[in-house]
C-alpha cells in the first residue's frame, strides 16, 4: 500500500510496520493514548506516522 498521504501524519494509523522484515525502532503517534510510542518498523511501505526520535514525534504531534 502507498503511504496514507490524504490524512495528516498524526492522524494516520499508529505503528504501521509495513511489509518488509527490517528491524528499526522508530516512534509513532498513538491517537488512543495521545502519546508518541516506540514501535518496530520493517523498512518499507507503512504510512508516514513514523519518526526517528521521540522528540521529533512529540514536536509534530503533541501540542
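In case you wondered, yes, glycine gets a Cβ from its N, Cα and C as well.
Per Swiss-Prot, domain 'BPTI/Kunitz inhibitor' is recorded for 10-61.
The feature disulfide bond is assigned by Swiss-Prot to 10-61 (among others). According to its DSSP assignment, residue 61 (disulfide bond) is helical.
Under the heading disulfide bond, Swiss-Prot lists 20-44 (among others), citing sequence analysis as support. Annotation note: residue 20 (disulfide bond) sits in a coil segment as assigned by DSSP. Proximity of residue 20 (disulfide bond) to non-local residues of its own chain (separation of 6 or more, Cβ distance below 8 Å) is seen for 42, 43, 44, 45, given in sequence order.
Cβ-based neighbour count (10 Å, all protein chains) for residue 57 (disulfide bond) stands at 24. What Swiss-Prot lists as disulfide bond is 36-57 (among others), and the listing cites sequence analysis.
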Those disulfide-bonded residues listed as 36, 44, 61, and which of them has the most Cβ atoms within 10 Å of its own Cβ: 36
Residue 36 (disulfide bond) and residue 61 (disulfide bond), distance between Cα atoms, whole Å: 8
For the domain 'BPTI/Kunitz inhibitor' (10-61), mean pLDDT (0 to 100): 98
